[in-house]
Amino acid sequence: MEWKIVVPLLAVAFTVANAGLVGGPMDANMNDQGTRDALQFAVVEHNKKTNDMFVRQVAKVVNAQKQVVSGMKYIFTVQMGRTPCRKGGVEKICSVHKDPQMAVPYKCTFEVWSRPWMSDIQMVKNQCES
């Protein structure tokens, strides 16, 4: 008799555990315009905060997620690196140095909260480590 109760409960628990949390973070597609715009915003804000004369760019996207929260929260884990372009210079496409000693790579976690209907986008987390 107990197995008639235990088996369905285990099946429900297994299904819920594998389905993911409703409203929780999910993988973001880097081909999506909203995701790309949020990452670009994060990079611009990050560069404003760095005490370096050179622009930093994303060398590699390690992880990208999004979460519906009264708007959209984007969570990025990225590998950043220095470019040869100086801050405040003429805007052009700048790639990260190929030489790791020049690129000085480091890992960052950025969180961006976007509410497009309010024309509002904010950086809520900008955390980096060497």
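Note: Cβ is positioned from N, Cα and C throughout, glycine not excepted.
Of the cysteines listed (C94, C128), Swiss-Prot assigns C128 as the disulfide partner of C108. If you take the Cα of C108 (disulfide bond) and the Cα of G23 (site 'Reactive site'), they are about 24 angstrom apart, rounded to a whole number. Of all the disulfide-bonded residues given, namely C94, C108, the one with the smallest number of surrounding CB atoms inside 10 A is C94. Summarised as a single figure, the pLDDT of the motif 'Secondary area of contact' (67-71) averages 95.
Burial estimate for the disulfide-bonded residues (C85, C128): highest at C85, by number of other CB atoms within 10 Å. Rounded to a whole value, the Cα-Cα separation of G23 (site 'Reactive site') and C128 (disulfide bond) is 26 Å.
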